[in-house]
DNA sequence: GAGTGGGCATGACAAATGTCATGGATATCG
DNA sequence: CGATATCCATGACATTTGTCATGCCCACTC
């Protein structure tokens, strides 16, 4: 019997999936949570065979929980189950040594099959993501440039950015100009769009 | 026996939900689709008792399909099932006279119960949304202002906007200024954020 | 150690953006 | 009808934003 813990903040999916998995003879859902904190509390106490974690959840993300499980040395195998193929997320998940990274864009039968294979020792990454890893546009911005860009996404003025980062206004404008140049755009709005599209922010 | 058609582009949720609903003695899932076009083709041919439609799908949204069902005068009852409580979506759904508007943030057992009640003639709107309808911020922008704002969201310069809308640059700047004033912001980036948050664009 | 390249920081200057006052057209109300 | 209000459109002006040349510091290479 494979014991499973499910953390997913969209109630409909969580409850549907929990019921469905429980119908399988060899699977048993120990519990579910709608936020990362609760998930970690339960997982660390019950030590399920498999933890299926959504990424975007209140209080703590699935990646946070994956880190904690990894650092605590639990035997629980971790499956990240998320909506989109986000490079940054994926890289972090690999570092946390998750056993599976699957997209919600797969049929539930496949998920069941993957759970069994992962329990058997396999590591399964969604093919789309592995492919992406090669082609994905690397972020060409320096750390400081990212600081400035992050400070600018919400529409803060040069003056405000300068104040929060303890820079002169000219410096802030210069960073932004460098960012535009690297991203091949010509104003903040376009730069923010670009960054958001690539999930840098 | 209540026949159901399910349109949902997230495969995992679609397949999980389909299996789950089918387990109920009095429910039967005729079919599923991952895009609006396919959903309409099937629904118009098979005329299920209930169509459960996600909103954001490829090719045609669930709201498009709801409109078509309404105008074709099918007996099929429509349930919109979506993630977030978006006022604009909700209003359009009401105009299409949908029989239910539910959020994915509810347990699957509740969904099953709501399906039965709707088949029995009830109309069920998510309480969050009805409440929102009262407090929701109405869009204070004029038609022309919206034109300008839409032209500006992708980072177009004043000159570009002026050209596409056949206005002088001064006029474009003036519209933007009026927009900022009405939205209580001070630059394009903030205005775009505001508009996107309220789903005006 | 000299030379090279990259990141960090700045100020001067040019270009784009935001604000304001104004005028015409149209609709509403007493 | 006149008074009032709203939307559309514009140009003048002030402010903010974007570009460029420059200098410093550090790491790497020859």
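Each residue, glycine too, has its Cβ placed from N, Cα and C.
Look at TrEMBL and you will find A:3-119 tagged as domain 'Response regulatory'. According to TrEMBL, the feature domain 'HTH luxR-type' maps to A:134-199. Here TrEMBL flags A:54 as 4-aspartylphosphate.
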The domain 'Response regulatory' (A:3-119): DSSP-derived helix, strand, coil residue counts: 56 helix, 26 strand, 35 coil
Summary of DSSP states over the domain 'HTH luxR-type' (A:134-199), given as helix, strand and coil counts: 45 helix, 0 strand, 21 coil
Mean of the pLDDT scores, which run from 0 to 100, over the domain 'HTH luxR-type' (A:134-199): 90
